[in-house]
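Student: The compositional bias 'Basic and acidic residues' feature in TrEMBL is assigned to 543-556, 810-819. Per TrEMBL, compositional bias 'Pro residues' is recorded for 557-571. Per TrEMBL, the feature compositional bias 'Basic residues' maps to 761-786. Taken from TrEMBL, the feature domain 'Transglutaminase-like' covers 474-543. Here TrEMBL flags 542-590, 682-710, 761-819 as region 'Disordered'. According to TrEMBL, the feature transmembrane segment maps to 7-26, 32-53, 60-79, 123-141, 148-164, 170-190, 215-233, 598-625.
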Amino acid sequence: MPANRLRYMDLGVLVVMLVAASMTWGPVFGDLSGYVAAVGGIAVGVAVAWAGYAARLTPWLTAVFGVACYLLFGGAIALRPVAAAGWLPNSEVLQMLMVQTIKGWKDLLTLTPPAAAFVGPTVLPYLACLVAALICGSLALRASRPEWGVIPVGLVVILGILFGSRQAPLARWIGVTVGLIGLVWCSRVIERRRVVAVSAAEAGEKASRRRRNGAFALAGAGAVAALVFAPALTDSQARYAVRDHVVPPLNVREYPSPLSDFRSYNDQHASETLFSVSGLKKDERVRLATLDVYDGIVYNVSTDPKKGFRRIGPDVSLENPPAKSRPSKLSISVGKYSGVWVPGGGLLTHLKFAGDRAKKLQDDLYYSPSEQTALTVTPLRDGDSYRIVDLVRPAPSDRQLEGHAFGAVPMEENTNVPNAVAAKTQKILKGTMSPIQQARAIEQHLKNNGFYAGGEQSPSRPGHRNQRIQAFLEAEYMQGDDEQYAVAMALMARSAGMPARVVMGFYPDSHKDGTINIKGRDAHVWVEINFDGYGWVMFDPTPPRDKKLQTQEPKPKPNPRPIVIQPPDPLDQPVELTPTNQNDDDRKKDEDAGVSRWLFYIATGLGITLLIVGPFVAVLAAKALRTRRRRTKGRPDERAAGAWEDVLDVARDGRVSVDARMTRSEQASAVTDAVAKALSGKKAPAGKKGAAGKKGAAGKKAPAGKAEVDSAPIVETARRADASVFGSGDIGDTSLTATWRSAEEAKSVIRRASTRRSRFSLKSFGARRKSKPPRAGGGRRWKQAKTFKASGPHEQGERGSAGSVYPPKRPNEKEGTHE
């Protein structure tokens, strides 16, 4: 079978494996965008590999071409929402392609699937598959061992699994398919190479059958191993994903706990409408935030990485939705409420903002499924609105919870817990109780033995610090509001080993259909305890608001003498302060930040370009500097000899071997023959005369074998160099100019037989190092230069021949010195 056909067959197998491997990138995006980006990257990578192979580009130039195609097609394949006309690259596309190459890996891990709601994450599968396809294509078309291409294929599978979501139902079969195809193909490639190596006598029918059976046995063993071990990595129910172990960049501790505003809602904003909600069913609650760790000062949101907040789009994919749950659709319009915590959390499946600030709020939206809490970095304000869909299920009865243990939920350790918490809990939990009975005992003790105290005239102090909860539990009569009762119950439950947490939210005292205005007095705090099989169950330890401690107020003493009360001093007119308009300052800061970002992106792009193009530019600059030094430095005879050395360096870079021990005339003849041989037997551009050549003259019936080469510049340069070195007369500027002019023409002739990549070759530098003579003591040069290995006749040139780097001493020179 022809070699080219085998190469393309190998390329086809690798492409099939890559397409199968790229399917692991799809589920995390939730739609076809991930598949389109991955397959598009494969197509671009294979096309670049084939173009580099067909054009005989070096690996470096192929890589540069790949970077250009990555930027050119990135908008049409991975960034269509921001591309001009949906497919043309613009400044925003180029910026995102460069930025996502560095930041995209972290962004994809720290957002909540589906990732299709965000612009940018699709760059990752596009880039990964493009690079893998470029490597696979180059190995299949150029390398003698194309089976190494299974390594990038395997990396695509692994990256798609690690950077994907835990829900990937096809991951197992993708891994098995790729592994099986790769194993069979590798065995065939290795066997094909072995057949070529063995002798014809050993390649009989019996040996061939034995090798074929061995290959099938190897493939079968690999398939069995893949079926056994693949589920450990690709099982859709318990599959490993890096996002489960990555700490999100958002630090929720930068924002105050919403529980610190509870008393303010019930006092100062009791009658104000915080927000309006429609679609709220009876007994449903609008969740604000979940708080599950106490530090003696405040109950706050956990910083556990597994519970971290991740960016979400309008749609949220829940990994394990609860059974018997139903969707609840709410529409919320914000009034006097202001803050980063988004009312309406829960098991969200959809949250989409509306209004003028919709895009900004959506881009800054974070959500924690385990905390069932949503947060937007841009605080909500009057006029914002959004729609949510969350999953709710009916609360289980105590009879249903009987016999169920507490759930095995990891919880952070509370610190600085009041001593009264454990003492009070031990008094309540006496005797043998089931888990639900223990939780109810704490709840009922607080509700039945405590009194509600809230509002501006309340004798109860606000807050839930260590001292406040200590005094609350030790008081003869417990008095407080939702804040104290919920925190006390959660701490008591945690001291008894229950997985408990505090939840703040809103619900009205009475339900009605239609739109409900949620006021400040509708803020409440409750407790949730996790039970095995049922999840988090709500408990309300706060007494009714009308249950207040009755105290006898002393009767006022009579005051028979009238008391003249002086009228209050008139209030001073408040000083009107001119509000500081910071719009200009903010605008200037935004402009400065924008300029800084653009400078960073431009610097990053230039840096990447410099890393790629820099080595090539450095080689060209070094050669130009070498030519300039030969042309301008030294004595006239040395500069003339340097012209011929420059011609030889171009020949060496073009893979023309020249023996340094030849005379210059012999070297000129050898170079001419090598150029003619390289140009022979190839079709040349039309319109020329002479023999056929790669870039030489053309003729309809040009004979193959040897092309006609204009050898005059090569021979003339060698002759002029010899005349300058061995001649006795002075060398004028006109003669030097003519020598270098013929050298430039000679280099042009030689380059006709060379490829473009020869301009970046370093062979001439290596040859110069080999031919440079060592130095004797006192800085004197050796009279005879060392030579390097080269093809051609090995004739020793006379003193001062082309084999010597330095010319012989001229008649007016003294022995052992050079001017």
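In case you wondered, yes, glycine gets a Cβ from its N, Cα and C as well.
No curator has checked TrEMBL annotations; they are predicted automatically.
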Student: Does the structure show the transmembrane segment (32-53) and the transmembrane segment (123-141) touching, where I'm treating 3 or more Cβ pairs under 8 angstroms (sequence separation 6 or more) as a contact?
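Tutor: Yes, the transmembrane segment (32-53) and the transmembrane segment (123-141) are in contact.
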Student: Across the whole of the domain 'Transglutaminase-like' (474-543), what does the mean pLDDT come to? Round it, please.
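Tutor: For the domain 'Transglutaminase-like' (474-543), the model's average pLDDT rounds to 94.
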Student: Please list, for the domain 'Transglutaminase-like' (474-543), how many residues fall into helix, strand and coil according to DSSP.
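Tutor: The composition, in the requested order, is 18 helix, 29 strand, 23 coil.
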Student: Can you work out which residues elsewhere in the same chain, 6+ from the ends of the transmembrane segment (7-26), have a Cβ less than 8 Å from its Cβ atoms?
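Tutor: Residues 32, 34-35, 37-39, 41-42, 46, 50, 124-125, 128-129, 132-133, 136-137, 139-141, 146, 149-150, 153-154, 156-157, 160-161, 163-164, 168, 170-171, 174, 177-178, 181-182, 185, 189.
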